[in-house]
Amino acid sequence: FKGGDTCEYLLSSGRFLGEKVWQPHSCMMHKYKNSEAKNCLIDKHVVFIGDSRIRQLFYSFIKLINPQVKEEGIKHGNIPFEDKSASIKVDFLWYPEVNGSMRQRIKSWTEGSVAKPHIIVVGAATWSIKIHNGSNEALAQYKINITSIAPLLEKLAINSDVYWVLQDPVYEDMLSESRKMITNEKIDAYNEAAVRILNSSSRNSKAKVKVFSVSKLIAQETIMKSVDGLHLPESSRDTNAMILMNVYCNKIMKPIDGSCCQPQPSLTLIQKIAFCFFTLSIIGYLIISLIHRNNYRKNKSCTDLESGEEKKPAISTPNVSTLEMLLHCFCKLGLIMTYFYLCDRANLFMKENKFYTHSSFFIPIIYILVLGVFYTENTKETKVLNREQTDEWKGWMQLVILIYHISGASTFLPVYMHIRVLVAAYLFQTGYGHFSYFWIKGDFGVYRVCQVLFRLNFLVVVLCIVMDRPYQFYYFVPLVTVWFMIIYATLAVWPQIVQKKANGNCLWHFGLLLKLICLLTCIYFLSYSQGAFEKIFSFWPLSKCFELNGNVYEWWFRWKLDRYVVFHGMLFAFIYLALQKRQMISEGKGDPLFSNRVSNVLLFISIVSFLTYSIWASSCKNKTECNELHPSVSVVQILAFVLIRNIPGYVRSVYSSFFAWFGKISLELFICQYHIWLAADTKGILVLIPGYPMFNVLVSTFIFVCVAHEISQITNDLAQIVVPKDNSTLLKRLLCIAGFFSGLHFFSAMQDQSRH
């Protein structure tokens, strides 16, 4: 931790990821859209002063506001630009030399009540070198002129953003004869003079003229592509313009994926309360631990002098174990949440943009799949989708999704479509697992519901408080929570139809199918009636949970994307359990699921279906069109995988303990990645060890997995305490939880009021 200003890093250092993606040192750069640029620069006046290189930067800058602009202005003259819709004025002023004329123009803005530009970008030197044939006298005059201009720029920098653009290197082999005197040696001398004079004239660091030196680094990599050896290629100057936009706009627009130049957010009232709570928990746990240690020493086994026998003290722990366990859990959780905050809210660790390459995605995938095979073990039971198998399924899917996120593979459409199937497969398991439990057990008690809701939502609720994020931000948890409640409501409402009841009368099976048809009808209606869906989830208090950026559109989009797959999971569970009850399938160790002939036919159809879907997904050209088809066709590949995995007896009898271990903490892995593995709410990558990308990933991954495992343990321990089996105690706990959320809502309303 160098404690440096990320703005300074953005203006002075960085590197290329690939050929065109610029990565500033230690922070992330946002790619501004036209609408965002207009919102940032509304009612602003921007001035570019200098030579033809500054004119290039001017054009790239205004194209961020209006991409339709053409470079048709006078080459050696002033060029105005105005966007009347946002009241933005951007002017280019032709001053190719740092001389008295430039000084007079800058001085005019410092006098009287003349309107000053909000942003001033200045730079020039190559004309001085060219006109005076690279003479030392010209360099001496350049120093004198900058010395006279520097105080004026400093004065302007008190109320405006002033940038001095250093001169980019040239590609000397491509320069025309009239420009041969412009050498990199001369350019370096002019740049050195400008930096020394501007830095020495700075008396107030807050009003300092910002030196735009990053363009030199960009030019060093790209000047070979220049058409004349002097002017930068278009992609390079566009990068410079985007950097300039980030320097000025990030502190105004506060984009999530633009961490450069953003100040650390101040703590909210709820975050302060959470900090106090965790601090008290840590202190309380330490006090109780010290008391117990002292009691242990006092009651330590000692030898009876008369009998020579050892006396063993009777220590009663049950009275204090619950409180101690509670404080112990919150103590660990407090330390973990501190790490979360430091990683993704404080400006302590570096953050970098993602950059996708095929090798960065597929090589780790191959590696973990090979690794998983080495941990093959026999399953305890050989039923279809047994516990070890579902944990394994969740595990390898979660690892693939993690690699997908850190590699930025969402930009590659075929990979995106296959990852959508993996997310759908999680929801398929939700439908399959919860339906199977309620159908077989017939347990619709409050205890079961509270246990599931607590385990799903505990970590997300804590992160919403600590990281100041809305519930819908962690979209997958609201998704599985709502689907669990839909499954519960479908099966729990009258008439309650469970396996025990259906075994007595086959007509109950038709009753259950009727319920499932009603559920499918409701899903279909809501998916094509956005208005009705939004009305349901816009009612308070649902709106507090499902709104993101002031509306529930994001929630509707996420729900709609996999709307049928939970139903498919429930239907598959119903058919499978019905076949199992009638002994129409064979689940013995090593036995194929059906007769050899039927098994071979189904296996062949499954493999063809699986490959057909992959071919279709790989040939996708339009994300929107493919997303429209996805809800209806994703089940094809999911069912194909289930059958391929379970029809052959041997394949069904083994599992990978490596994947299964990750599967047990898959929910925690999915949520924790937002803040302590990725960065800027998944938009970038957390950098704990700068300069060593592979080593950084190894270290951050190790910490990330350990934290996810620890949070899983904490959640399980707290679930036993917070959600007891005794109904009267559970009711009291539910009242306490209702009070907690009421308090949370009250403080949230206070926060919103203070913000407005």
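Residue numbering: from 1, along the chain as shown.
Any Cβ shown, glycine's included, is placed from N, Cα and C.
Whatever TrEMBL says is automated annotation, not expert-curated.
What TrEMBL says about this protein:
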DOMAIN    22-72  domain 'NXPE C-terminal'
DOMAIN    253-734  domain 'Cas1p 10 TM acyl transferase'
TRANSMEM  269-291  transmembrane segment
TRANSMEM  325-343  transmembrane segment
TRANSMEM  355-375  transmembrane segment
TRANSMEM  396-417  transmembrane segment
TRANSMEM  452-468  transmembrane segment
TRANSMEM  474-494  transmembrane segment
TRANSMEM  506-526  transmembrane segment
TRANSMEM  561-579  transmembrane segment
TRANSMEM  600-617  transmembrane segment
TRANSMEM  659-679  transmembrane segment
TRANSMEM  685-709  transmembrane segment
TRANSMEM  730-750  transmembrane segment
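Long-range contacts of the transmembrane segment (561-579) within the same chain, counting only residues at least 6 positions beyond its ends with a Cβ under 8 Å from a Cβ of the stretch, are 384-385, 420, 423-425, 427-433, 435-436, 439-440, 479, 483, 486-487, 490, 499, 509, 512-513, 516, 519-520, 523, 526-527, 585, 627, 630-632, 634-635, 638-639, 642. Counted over residue pairs separated by six or more positions, the transmembrane segment (685-709) shares fewer than 3 Cβ pairs under 8 angstroms with the transmembrane segment (730-750), which leaves the two as not touching. In the predicted model, the domain 'Cas1p 10 TM acyl transferase' (253-734) has a mean pLDDT of 92. Long-range contacts of the transmembrane segment (659-679) within the same chain, counting only residues at least 6 positions beyond its ends with a Cβ under 8 Å from a Cβ of the stretch, are 28, 259, 339-340, 343-344, 349, 351-352, 372, 375, 388, 390-399, 401-402, 405-406, 426, 455-456, 459-460, 463, 467, 474, 476-477, 685-687, 700-701, 703-705, 707-709, 711-712, 715.
Outside the transmembrane segment (600-617), and at least 6 residues removed from its termini, the chain residues within Cβ reach (under 8 Å) are 414, 417-418, 421, 594, 626, 633, 636-637, 639-641, 643-644, 647-648. Here the domain 'NXPE C-terminal' (22-72) is broken down by DSSP into helix, strand and coil counts: 22 helix, 9 strand, 20 coil.
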